[in-house]
Structures are given as structure tokens and as C-alpha cells.
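Engineer: What follows is a structure written as C-alpha cells; I'll ask about it next.
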């Protein structure tokens, strides 16, 4: 026979029947009050055994019955909201876990927008505001052995963390502010603090507690990407609580230790980002990094080598945490070894984005600042070997930021690891990053805070000067003796200073007046002043005497290409380059043929080869400039055939064209005259053919002929990748300058073949040049010619560009690939308009 139903079961069954069928408000009110006996709210209270039976077996059915009866008419059975308040008290005063689950079940089961849905949602918001979520988690922290407890915990875990998603899906436009993720997870963080405080109180009272459920809630919330909201509230509160309580520290350590492995990375990353300083991080984590392998991997590998999201203060907190305990310091030394090994790896330098390389460099310097000389001494040889390998690879890089990182880190590492040896010194441009890195390498002592610095500076700035200028005149003569001498001291103030801004240094050697004289002075003269005067006058003479220049153009280009600085001449490189550009512009084809032939010749330095590329680019730009041919010469110009002068040439003393005084006066009148209107539209500059049209092939094609043939001293596909990158950029620039020329299509086809042969180059600077070259082709050729002559090449390039835009480690390469893809898409849209529906 089945056992007889208990008194509680019979009472609950009768109450549910009455609540389901009765329409009498007084009867319903009395029934609910009778049930509240089992919650300990009414007199006479039920027995503890009856309360436990009601809470474990009958509370959820009662709540479901109350939720099913919810309607406007049912709540109005009693006036003044008495029935509604009594109805809500069952959800707010009984077991929090069951009330929460019934609330969520009713909300998720509601069929569309309704009165019941909104009423239950508002009741859930009140449930959260009154701290019932903390009560729910406190109940899960007690050691429980009831059947189904694990299943209940998993259900609660999913509902608690995913509450904003569930409510957002059900309420949509009617969602309440309490359920917004940014608000809910902050509230959840505050409730976690309350639960941890309750756990501490229980431990102080001698009761056992567990924080595993809270750890799972924290881990799942962080995995969902809500670290900032929940830890932004949790970490400052815990930092304050753990500062003076070792028991709070132990509870925090246990909280993080019991986070599931799948959520450990998200939680630790959020803690490192939220903790202000290594002291706070150490109080929250303890020696977790030593005990937990997953935590050790995250803290010493993933955050340092595989990510670059941590800022400099976060890196200092993380590595400072490793340095603050004797059990963790061996990990810090091991981290430094692995960081330097990665920093010095040629493969990592080629395939790692620049932000990640900066991240690793900062971590290396912070580690060095945290470790002492005795700890570094035992690993000196290993660290020096990694550092020297890294310096070599970084100085060979084509990217200036990579080279600068190598110089800065090498200086600091060598000084710290081998202080008694000769220091490494490099010359590099100081910028914000270099100053930050050097500051990381030499941190201030613990006592040198900002406040101390501020107090030391205040007296210096507030203290009046010990002596005034009047007191130190004439060797300290008293001011009373100088009272009558003020007029004598100031008597020269009425004189106007002589203007010496136009003065020029007197030269004993006169500047040459002919191009041949300049060639002779540059090649044979031992007079330094005459040599310098010839160099400064050469550009202007070339532009003013094109006929004489063409007679010796190749010889002059050869002289300038091999010219070395005999003495310290201000702007020597610029003078030499502008003179070479002037010669190339004046006689383009022969000089371009000579320069391109010398680019692949023996016995030239990399600097000379890059100078050739720069000169070709600048000369092509000058030749393609509109109005460069047939331009009216300035009055006073000695030759009617003078080409357009570059601005730099006009600014030089030796190449300035004398201006007629009438021109000066007319220009002043024009600048001072205000005209309200003019009769006709202003005409644009007169059009003229591009001089680059006929010589573009001389500049372009010879540079492509031998790039894959190594020489004894020059290998573009080997170590000289810097020049290869400059060559790719130069070819792209020449392609842009050849727009609308007859040879542009052939140039574009050859350039795409060059790009295709090198598309998988390991150097980022070379890839940047290749991607720029592709964009140059797309911008320079007419759309019809691209589709007619280069369709196959463009189809091949499209898939490569998409792959680069998605996977290339260099950010600039990804950006250039995206621009090229946009140009291709624009070309497609222009030629193939969308079909009408």
C-alpha cells in the first residue's frame, strides 16, 4: 500500500484546488495566508519538518499555480493591490532558486507580448533589485547532498548567466533596463561580493562553505565576454576587502582556483586588465600560477606571446605579480628567456605583426627591470646569444620600426646583462615609443612616487630668485648706487638694430658659370670652396643651359652618382640628388638608360642603388607634370628653352631666375587689390603633352630585366630585400606617372608579372611595395584596357589580394590589399552594372 499523504501534502493540494477554481477574493486571500505558514511568515508557524517538506516538494507547484492564475481580473478581486502584494511575496520570500526558475520558466513560456509576460518580467526585476540573486548563490555555496542537486546547479548556472539573452529575446522592444547586459552583469558582480562576504562570515562561524558555484558563474560570464562589467565591479571591492584580511584573500584564491579550465583564460585576462598594480593582482591570485597548469600557460605564454591586447601598465602588473613572490620568480626568469628567444627569432620577426613585436619588446624590458643581477648572471650566455641573434635579424629588416626596436632593446639588454663590458650604442630617432621603452628599462624606486616628485618641485618653482639682474650688475654693486645710471644703461634702446638677415658669407672662389666648368670642378678641383660652389650652382646651370647639359649629360650623371662629400656641406645629399634629377629631366632617355644600367652593375653600394631609384622617381614626376613643356619662361631667363623649374631649384642661390621689377610691382598690386567680380570664367592652365610619354619605357623596363639574377655583391632575392622593396615602390610610382601614355598597358602587364613572381615574399616591406604596385596598375589604366588586355592577371590577383587582406600578419599589407580589392570592385561595378530585377 502507498503511504498516506502527509498533512502538508493534503493542505497544499487543497490550496492549489482553491486557487485554481475560486473567484472569491477573500477565499483566495485566506488560502494564500494559510500557505505562508510554511514560509515562517504567519502565526502559528509550521513545524521545521513541515517547512522543509513544503520547500523541497511543494513550493514550485504552488508558484506555478500562482503564475497560471495571473490576470488583470484575478488581481482585482481584492482592492488596493492587496492580492497582488501577497501573490508577489511568495516569489520574493520563499526559496530563491525555485522562485527564480519558475519566473524564468513562465517568462520563456509566455506566448507573445501579454499582461502576464510583462508582470512576470517586472517581478523578476524586483527579484534582482531586492538581492534575491545573492540569496540564490548563497544557498548553492552550502554543502548539499540532495538528489538532483548537480542538475539543479547546472540549470541555475545557465539561467543566471544567460538571463539578459533570454529576456531580450522575449521582451524585445519592451525590455527593461535591469536586463540590459551592461546593467545586469554589474549587478551580478555586486551580488558575488555579497556572497563572498557571506562565505567569509560562515567560515568565521565555523561552518563549511564552497565557492565553486560562484566560480562557475564568474567563469561563464567572462566566457560570454562580460569581463569588463562584472570584474569592473568585483575587482575594486575585492582589492579593498583583501587589503587587511587574510581570510578574504584565501576566499579569493579559492574563487579563482575553482574556475573551470575552459574559462580560466577569460577570467585571468579580465583580472589582469582590471587589477591596478601587481600588489592587487597578487592578493587576488596568490600562487595560482604555480599550482594550476592552465593558469601558468595563460599567464606566462598566451598573454605574452600570442596576444598584444595588454597595455603597458597591465604588462607591468602581470610581470610584477610574478616577481613579488620567491615561488614565482623562477617563472619570471624563464619568461625572460622565452621572450628573448622569440624576440630574436627571424621567423617571428617576419611573420609577427608589429604591435605584437612591440608587446614582446616591452615585456623583455619589464622583466629585466624586475630581475636582479645575481639572477641574470647564471643565464648570461643564453640571454646574450638570443639578444645578438635578434639584433642581427632586426637590423636586416626593411621596416624602420623593427630596426628601431632592435636598437633600443639591444642597448638595454646588453647594459643589464653584461654591465662590465663595452656598451652597445646605436643612433636612432627618438620618438614617444623609444622614450617609453627606455623608461620601462629604468623604473623609479618604490618610494619615488608622483606625490614625492610633486612636493620636491613645488619649492623650486615657488621660490623667488636669489638675486635680481639689477643686483648683480657691476659685480654686485648695491642697487642704491645704480639709481642714477638707468638712463646710461638704456641709452642705446632708441637705436634700430641693423638688418643682417640678407648677409651672405664671403667666398674666395667664384661659382662656375658653365656646366662643363662644374663638371671639371667636381672631378679635378682640390679647392674645397670651388667644389662646393660648383655643386650648389649646378642645378640652376643645368636648367638654364639644356643644350650644353645634353652634350655632357651622361658624364655629368656618372660624376654625380659617384660623388662623395669632401667636406661638411650642409644639405649635400639634397644638392646632389636635385642636380641628378635636373640632368635626368633635361636629357631623359640617355640618362635614364645609364642610371638603370648602373642599378644592376657591380661595385655599387645599396645607398647608391636606392639613390638611382629616388632620382628616377623624382625625374619622372617632373617630366609628367602638366605645363612642363612649352611653359612661358620667366622674364630675365637667359634661354627661351628653359623647362619648368622645380620649387627646390628656384630656392637655391645659384639657380634663382632674376625677376623683372615690373613683374614684382604687378604682383604686389594684384595681391593688394580686392575684386568683387570678374567678367568671364577664369581659364585653367593650358594643356600640354607629357614629356614622360616618350621616355617612360627607358625608366621602367630596364629595372625589371635582371631582378632575379644575383650578383656577387647584390642579391635582390636574398639579403638585399630592402632595395627590392624600394624597387617595388618605385615601379608602382612610375606606373602611376605613366597614366594615359601609350606604353602604359605594356608597363602594367609587366608590373603584374613582377608582382606575381614575388607575391609570397617573406619581407613585409616588399609585400607592401607589391600591393601598392597592383593599386597603381588599377588606377593608371583605363577600365576597358584592363578587361581587354589584363583580365587573366586581374583574376589571379583577386584571390591573392583576398588572402592577404585576411591572413597577412602585417597591418599595412592588409590595408593595402583591401584598397586594391575595393578598386577591383569599383572597376567591376563600373563595367558590369547590376541587372534590373
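In case you wondered, yes, glycine gets a Cβ from its N, Cα and C as well.
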Engineer: Test of record reading: of 422, 833, which one does Swiss-Prot tag as hydroxyproline?
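Structural biologist: Checking Swiss-Prot against 422, 833, the hydroxyproline entry points to 422.
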Engineer: Which one of these stretches, 602-626, 627-651, 652-676, shows up in Swiss-Prot as region 'Disordered'?
Structural biologist: 627-651
Engineer: Any idea which of 357-385, 386-414, 444-472, 473-501 is down as region 'Disordered' in Swiss-Prot?
Structural biologist: 444-472
Engineer: Going by DSSP, is residue 374 (hydroxyproline) sitting in a helix, a strand, or coil?
Structural biologist: helix
Engineer: Note down the number of other Cβ atoms within 10 Å of the Cβ of residue 374 (hydroxyproline), including every protein chain shown.
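Structural biologist: I count 7 other Cβ atoms within 10 Å of it.
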Engineer: Could you state the CA-to-CA distance between residue 374 (hydroxyproline) and residue 419 (hydroxyproline) to the nearest Å?
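Structural biologist: One finds 12 Å between the Cα atoms of these residues.
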Engineer: In the structure shown, which of the modified residues 419, 422 has the fewest Cβ neighbours within 10 Å?
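Structural biologist: Each of the modified residues 419, 422 was scored by Cβ atoms within 10 Å; lowest is 422.
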